[in-house]
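Novice: Pasting the feature list from TrEMBL:
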type     : residues   : note
ACT_SITE : E395       : active site, proton acceptor
BINDING  : T113, G152 : FAD binding site
DOMAIN   : 12-107     : domain 'Acyl-coenzyme A oxidase N-terminal'
DOMAIN   : 249-410    : domain 'Acyl-CoA oxidase C-alpha1'
Amino acid sequence: MDEQKVLSIKGLLDDTPEEYLSHKEKYENSIRKSVLFYKTLHSTEDENMSVDEKTKLNFRNIVTSAIFKDNSPFMLHNSMFIPTIMGQGTDEQREYWMKRAKNMEIIGTYAQTELGHGTFIRGLETQATYDPDTEEFVLHSPVLSSYKWWPGGLAHTANYCIVMARLYIKGKSHGIHPFMVQIRDEETHMPLPGIKLGEIGAKLGFNTVNNGFLGFENHRISRDRMLMKNAQVLKDGTFVAGSNSKLTYGTMVYVRVLIVSNMANMLAKAVTIALRYSAIRRQSQPKPDEPEPQILDYVTQQHKLFIAIASSHAFYMNAMWLWEIYYSVSLQLASGKLDNLPELHALACCLKPLSTIDATAMIEKCRLACGGHGYMLSANLAQTYGLATAAYTYEGENTVLLLQAARSLVKAWVGHVKGRPLKGTMAYLAGDSTVKAWDGSIDGIIQSFKVVAIRKISSVVKILQDYEKSGLSPEDAWNKASVFLTAASEAHGRAVLLSVYKSEMDKRAAVLSPPLRKVLLQLVDLYVTYWALEKVGDMLLYASITDKDVDELQRRYIELLAAIRPNAVGLVDAFDFRDEILNSTLGAYDGRAYERLMEEAMKSPLNAEPVNQTFHKYLKPFMRGKL
Ligand SMILES: CCCCCCCCCC/C=C\C/C=C/C(=O)SCCNC(=O)CCNC(=O)[C@H](O)C(C)(C)COP(=O)(O)OP(=O)(O)OC[C@H]1O[C@@H](n2cnc3c(N)ncnc32)[C@H](O)[C@@H]1OP(=O)(O)O
Ligand SMILES: Cc1cc2nc3c(=O)[nH]c(=O)nc-3n(C[C@H](O)[C@H](O)[C@H](O)COP(=O)(O)OP(=O)(O)OC[C@H]3O[C@@H](n4cnc5c(N)ncnc54)[C@H](O)[C@@H]3O)c2cc1C
C-alpha cells in the first residue's frame, strides 16, 4: 500500500500536537497510531509475499513511522528483534518465531545494554546458568548494574525480548549469547514472575520508543529458548562453540549498515524543511532599491544547506553499496566462510560513525539556518536532530567503533609492511603515499584523501611502535595513541565515502538524462570540494596542495553553489517527502509557513483562553503587593 493510502487513514495524524501531550500521553498516542499504522499495512500484505519482501515492507514501516515525529515503540521489533531471530536462530527457531513476530502476534525487543555496560559486551553481567536436571536456563541479574537498561519497547510494549546474557555451565562462563525470553503474560501483559520491568524516563529524544529496564530474579526458561544457530548447549549441558564467537554480534553489524541509510533519510528530511523555508523566507535589503531577497540567495545560506543535499546522496549511495557487501558476506557466513566478516565489521565501524557525525551536525545546521522559526518544535527540526544524534551513541558509540576500525587498519598496515597482500576496501593502502603535484580534479582530490589516510595510518602505527619500544604495554600504547587512531579511521572513512559516492554516481550517470546527470554530478563535485576545504590542513600536510590551489578550490566551491542554486528546490522536492511525513510548519510543499506557524500556535492549550487562571491566583495579588 502506498504512503498516500496509509497517510489518509483517519486518526493516524495528530489533532493535538504531540508537543502538548504529557510523557505518558505521548507514549499512549504513539501506541494507538502504531497499531493503526501496522494494521493498515498488514491488512494489505499479500500472504504470498516472500519473507524478504515482508522484511523490506517492515523497513518501510520503520521509515514511514517517522511521521510520529519520534520513533515508534515497535521500532526494535522490526529493526533488531526480527533480524536477530533471522540471524541467530536455528531453522526450526526461525520457522516458529518469525511467524509469530511478523504477524505481530508477539512484540519483541533486543536487550543487550545494561546499566553498567553498553560498549563492553564482554563485561555484561546478566547470567544465564544452565540447569541440566531441568534442561532450563536460569536468568538472573546479580547486581543493579546488571539490569538491562535502554532497550526500546522494553518498558510497557514488548512481551518478548532477545536477552544477551553470559552463559554459565557447571560454573564456567561461555561468553555472551542470545536468549528468547517471554517477559509479559500474553493475555494480561503482566510481567512474568521473577521479572522486573519499567521505563527509564524522559530523554532528549526517542520519547515514544518506551526504552526500559529489565531485571531477572532466577527466572527460568527452557533450553530451546537459547538461539542456537551459532553455538549450542546440548541437553546434558555440553557446550558446542560456534565457528566464530563474534557471529553473535551479527545483529549489530546489520543495524550499523541500516543506520547509514537512515542518516541519508533523516538528513534529506531536515534539508527539505530548511531549504523550502529558505526559498519562501525573505529577509534584509542588501540593495536599497530592491525587495528583500529570498534567504536562499545568500551564499552563506547555500553553504549551510547544499552540502546536506549532497551528503544525503553520498550516504544513500554508500549505504546501498554497503548493503551489497553485507548480503554477500551474510551468504558467505551461512556457508561457513568467515574471512570477509572483519572487513564488513571495519567498514560498518567507519561508515556508521561518519554518517551519524555528519548528519547530526548538518541537521543542526539546517535548524540554525531557519532562524527563530527553526527553534519551534512545530518545525520538526529539533526532533529530527534528537533522533539523529541518538545514533551517535546507539549501536556502538562512535569513538569505540572508530577505534575498532583502527584495529583493522593497523593490522592491515602492519601486515602490508611485512609483505601480506591488502584486499578489498583497504587495498589502496598499498598505493603511492606521496602526491607529486596537486591534481585539483575530483578524482585527484579523492586520491589525495586516500593519501591522507595512508599517511595517517602509517604515522599512527609508527607512534604505537615507538611507544612499545619505549616500554609501554600494547594496551597502554594503544590508549596513548587513541586520538590519532580515531583520526586515522576517520581519514579512511572519508576516503571510502568520497570514492564510493563518486564511483556509484559514475555508474548511474550513463542512464541519466543529460540535465539530471549534470545536476547530480555537480553535487558530487560540491561534496568532494567541500571536504577538501574542510580538511585543507591534511591536504596541505600530505597532498602537496599550495595556497594558490586552495584559492582555486574556494572559487570553484562558490561557483558550484551558484550552479546548484537554480535546482536547489527541485533537488529537495525530489526526495519526495509528503507533508505528513515532514510534519513541519516550515517545510510544507505549499510554502505557507507563516500561516502554518500561526495555525500550530493556536493549538497551544494556553491559547484556549485570553486570560490564564494564574493572573487572578498569583499575578494580580502580586502586582497589587498583596502576596
Ligand atoms: C524511523 C526510521 C528508523 C530506521 C532504522 C534505524 C536503525 C534503528 C536502530 C534502532 C535504534 C536503537 C536501538 C539501539 C540498539 C542498541 O544500541 S543494541 C546495543 C549495541 N551495542 C553495541 O554496539 C556495543 C558496542 N561494542 C562492541 O561492538 C564490542 O564490544 C567492541 C566492538 C567494542 C569490541 O569490544 P572488545 O571487548 O574490546 O573486543 P572484543 O570483544 O575482543 O572484539 C574485538 C575483536 O572482535 C571483532 N569484532 C568485534 N565486534 C564485531 C562484530 N560486530 N562483528 C565482527 N567482528 C567483531 C573485532 O574485529 C576484533 O577482532 P580481532 O581479530 O581481535 O581484531
Ligand atoms: C536512544 C538510544 C536507544 C538505545 N536503544 C538500545 C536498545 O534498544 N538495546 C540496547 O541493548 N541498547 C540500546 N541503547 C544503548 C546503547 O547501545 C549504548 O548506550 C551504547 O552502546 C554506548 O554504551 P554506553 O551507553 O555504556 O556508553 P559508554 O560505553 O559508557 O561510553 C561513554 C564514554 O566512554 C567512552 N568509551 C567507552 N569505552 C571506550 C573504549 N574502549 N575506548 C575509548 N573510549 C571508550 C565512549 O567513547 C564514551 O565517550 C540505546 C542507547 C540510546 C542512546
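Residue positions begin at 1 at the first shown residue.
Heads up, the Cβ atoms here are built off N, Cα and C, so glycines get one too.
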Novice: With an 8 Å cut-off on Cβ-Cβ distance and a minimum sequence separation of at least 6, pull the same-chain contacts of G152 (FAD binding site), or say none.
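Specialist: Spatial neighbours, sequence-distant, of G152 (FAD binding site): N71, P73, M75, L76, T109, F206, V209, N210, N211.
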Novice: Please give the average pLDDT for the domain 'Acyl-CoA oxidase C-alpha1' (249-410) in this predicted model.
Specialist: 96
Novice: List every residue in the same chain as T113 (FAD binding site), at least 6 positions away in sequence, whose Cβ is under 8 Å from its Cβ.
Specialist: K148, W149, W150, P151
